[in-house]
Amino acid sequence: MLVAGFVQGKYENLFKSIRGDKRLKFCTYSRSFRADLTQNKSLSVADILVALLAMPFWLVLQLTDMDEKSRNVFSGELYSFWASIDILVGSASIMNLVAVSFDRHLAITAPFSYSKSLTSFRAIIMIVALWVFSILLCGLHVPAVKTAKMRSAYQIGLVVVSFIVPLFLMFVMYMKIYFVARNQALRIGRNYAKDIKATKTIAIVIGAFVVCWMPFFAILTLYALKPDYKVNTEGMKAIKWLEYLNSFLNPIIYTCLNRTYRRAFRKLLLRSSCCTGRGSSGRLNCVQSTHSSFHKTKAESLSHSSSSVSENGNVYTQRSPKMEGTRV
């Protein structure tokens with residue numbers, strides 16, 4: 001009973017992670033190919049790969065107690081392959097978080113030059129560069145583990161480029177977003193409660209990243225400094241699943257906290273429930289109605305994307321789907 005419940009719980013986590021990323025695509029309103037959608041899709045792909053490639057291998061390791069039994073299931077080559085894939089998808093997910101943060105930072109701090117500064121082509125180039133960088137980190141894993149000295153250097157480098165630098169960049173960008181929003185609020189005398197909401201959203205974004213990833217990178221640092229250091233098996237399991245939890249939280253944080261996405265997703269759920277049990281013609285009408293509702297949501301969001309500009313050209317308020325997503 002306990003084993004069955006354990007397996008069921010872990011597979012539910014896999015399903016939730018995949019289902020959560022599918023929501024990312026269904027929640028987005030219909031619009032042209034834009035830089036923000038490119039980065040959201042790339043983040044979604046990275047998190048789906050975490051659920052499909054890395055998590056199943058880790059589940060098998062847990063079921064085999066990660067000790068002698070695991071060596072009977074995994075050969076050395078297969079285990080090394082899983083470790084490399086885990087580094088690839090994990091690093092890609094983190095790098096895409098930085099890309100999404102940069103996109104929102106640019107959209108809010110430089111709204112009028114955003115479309116020219118970050119075109120779809122430039123966004124694609126940036127995403128490709130992030131994936132190539134993640135592949136390089138993955139490729140360095142195999143030669144780096146041949147000696148203890150190389151392994152320690154690789155682990156320290158991984159902590160720096162995959163956690164410390166991304167965390168610093170995200171913190172700086174989201175703080176700039178907050179201060180821009182706060183300055184605009186002071187100019188137009190907006191209720192300070194909205195700034196509190198923006199602060200909470202920023203805290204959720206950075207807090208989720210830190211809570212999910214810091215334990216893993218802290219242990220990795222200990223392994224690099226003290227190769228003989230041993231972590232309790234149950235503790236390591238919890239740390240690893242906490243890392244994977246970030247891929248389930250990303251679609252919620254970066255999509256469903258956005259009011260425009262949330263309205264579209266709510267309409268999708270209502271349409272899906274009304275379609276249940278209908279015939280083919282009824283389902284066709286329902287799909288058409290759902291499609292029109294997405295266009296209506298798009299029109300509503302675009303109608304609110306207005307700016308109030310003073311005579312001297314200062315921006316008093318700038319609203320966009322991105323600003324709604326960050327509660328500013």
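Just so it is clear, glycine is given a Cβ too, placed from its N, Cα and C backbone atoms.
Given the structure is predicted, the values throughout are model-derived calculations rather than measurements.
The compositional bias 'Polar residues' annotation in TrEMBL covers 311-320.
Among the features that TrEMBL reports, domain 'G-protein coupled receptors family 1 profile' is placed at 42-254. Taking the domain 'G-protein coupled receptors family 1 profile' (42-254) as a whole, pLDDT averages 82 in the prediction.
Residues or ranges marked as region 'Disordered' by TrEMBL: 300-328.
As annotated by TrEMBL, transmembrane segment applies to 43-61 (among others).
According to TrEMBL, the transmembrane segment annotation covers 81-102 (among others).
What TrEMBL records for 123-144 (among others) is transmembrane segment. Here the transmembrane segment (123-144) has Cβ contacts under 8 Å with residues 35-36, 38-39, 42, 80, 83-85, 87-89, 91-92, 95-96, 98-99, 103, 150-151, 153-154, 158, 161-162 of the same chain, all six or more residues outside its ends.
The transmembrane segment annotation in TrEMBL covers 156-181 (among others). The list of residues near the transmembrane segment (156-181) in space but at least 6 beyond its ends in sequence, with Cβ under 8 angstroms from a Cβ of it, reads 87, 90-91, 94-95, 97-98, 101-102, 104-105, 108-109, 137, 195, 198-199, 202, 205-206, 209-210, 213-214, 217, 220-221, 224, 323, 326, 328.
Remote same-chain partners of the transmembrane segment (202-224), defined as residues 6 or more beyond its termini with a Cβ less than 8 Å from a stretch Cβ, comprise 94, 97, 101, 151-153, 155-156, 158-159, 162-163, 166-167, 170-171, 174-175, 177-178, 231, 236, 239-240, 242-243, 245-246, 249, 253-254, 257, 326. Marked as transmembrane segment by TrEMBL: 202-224 (among others).
Taken from TrEMBL, the feature transmembrane segment applies to 244-261 (among others).
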